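Below: the structure, in structure tokens.
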Amino acid sequence: MSVALWQQCLNFLQDELSSQQFNTWIRPLQAEDGDANELCLLAPNRFVRDWVNDKYLKRINELLRDLASGKPPKVQLTVGSRRNVAMSSPRDLGAPVSATTMNASRPTEAPAVHAAPRAKGDYADEQEIDRLREREETPRRGGGERQVQVEGSLKHQSGLNPNFTFETFVEGKSNQLARAASRQVAENPGGAYNPLFLYGGVGLGKTHLMHAVGNHLAGQRENAKVVYLHSERFVADMVKALQLNAINDFKRFYRSVDALLIDDIQFFAGKERSQEEFFHTFNALLEGGQQMILTSDRYPKEISGVEERLKSRFGWGLTVAIEPPELETRVAILMKKADQAKVDLPHDAAFFIAQKIRSNVRELEGALKKVIADSHFMGKPITQDFIRESLKDLLALQDKQVGVDNIQRTVAEYYKIKLADLLSKRRSRSVARPRQVAMALAKELTNHSLPEIGDAFGGRDHTTVLHACRKVQTLKEESADIREDYKNLLRLLTS
């Protein structure tokens, strides 16, 4: 009875939450009837359980009270899974997906942003792990001189940047989950979130968080062997080891680390021998309880040129997306960087830069460095006018890239309507809502005035544009769909 009530509750939660929130936190929960009018919700791991308990349990209880004909069931939120139980499947989510029961030596896969549930066939069979256990090392060929060269090139160098710590990382809505997951890994390495897979565009903080975890682990234990490297360095080390007939030294080095942090894993694409070696390294580290953190510019399943068995393993722990920072976070980043540089940056100046530079943190910091340098060399205070002059080339390039016409075409394509209809006088919701969204985007992404934006949308009055902007802001707060649409369009226009 309680499970049926949970299915109704899911329908409301799906309407109220964004698709990212629902798929990440609610959809993975498995429901079963407990004793004495109890509803047991089973989370795949402690991280999901704690997050749901803090953020969503209150709303779940409210919905159950509203939906129950009598006394609402008491919710028991625990970590666990059942054999052959169907995952929660509200309307419009398709047929129920059977939960995969994995060998105890493998961590349960945590939910991933935008990730579809995996089929049983995605996981490697037990024989692969058995073969790894039984595999004997091939005797090494080659002389002692070559051996010294390879061991020297693979000596423990962490590669960590001491400036990248949790304390210097600016948290916001766009990276809150990634930071929380990284902190959990730093406190409990080799646990349920192994590997931790962070993905997102360039300059969003993936590398910073990876270093922050590494620095924390290295600081906890004096002899901790924490290694950070780019995926291409892993490939280069393997190639050198093969050339010197010392592949066993390569294997011993990478399989003896306490934590292995590999950046830009997508560069393994097309490198079959490197993928083969990393596959076995991955298995060895996982079985040894050694932590792995991987980053990529895209979701694991979307990395082309990488074997399916590797992509499947990338999702065995926790997969988290990092989004471009929202305005408030961009301002906070600028203020923190200015404080670190001991520069007096007025808040309105930081706000102005943050409004203009939206794509990623790297470009944001680059713009601030230029403004600070120009201010220092010219002996002038940092004001909005000064920033406008200092960054005029960058701002002109951005305006050229994100013009009103580009916004109009992108919005029309996104909503699958004709551009002519978007600019017409038609007032049907299927056209009016995209038009309002396009106007709001034009106000946020360009330097055009409201009258100029109105002219570009079929000669409309500036008050119409102002109304559209206010309407979209309200809709973003009330509607998960509009909020998701707006975020997707921002990404399309600024990436």
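Just so it is clear, glycine is given a Cβ too, placed from its N, Cα and C backbone atoms.
Quick look at what Swiss-Prot annotates:
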- 1-83: region 'Domain I, interacts with DnaA modulators' (REGION)
- 83-158: region 'Domain II' (REGION)
- 86-127: region 'Disordered' (REGION)
- 159-375: region 'Domain III, AAA+ region' (REGION)
- GLY203, GLY205, LYS206, THR207: ATP binding site (BINDING)
- 376-495: region 'Domain IV, binds dsDNA' (REGION)
Chain-mates of GLY203, GLY205, LYS206, THR207 with C-beta within 8 Å of site centroid, ATP:
GLY200, VAL202, LEU204, HIS208, LEU209, THR295, ILE322, VAL361, ARG362
DSSP three-state assignment for GLY205 (ATP binding site):
coil
A 10 Å Cβ contact count, applied to the binding-site residues GLY203, GLY205: which residue has the minimum?
GLY203
Using DSSP, break the region 'Domain I, interacts with DnaA modulators' (1-83) down into helix, strand and coil residues and give each count.
44 helix, 16 strand, 23 coil
Sequence gap of 6 or more, C-beta under 8 Å: which same-chain residues meet both conditions with respect to THR207 (ATP binding site)?
PHE164, ASP263, THR295
Mean pLDDT for the region 'Domain III, AAA+ region' (159-375), rounded to an integer?
90
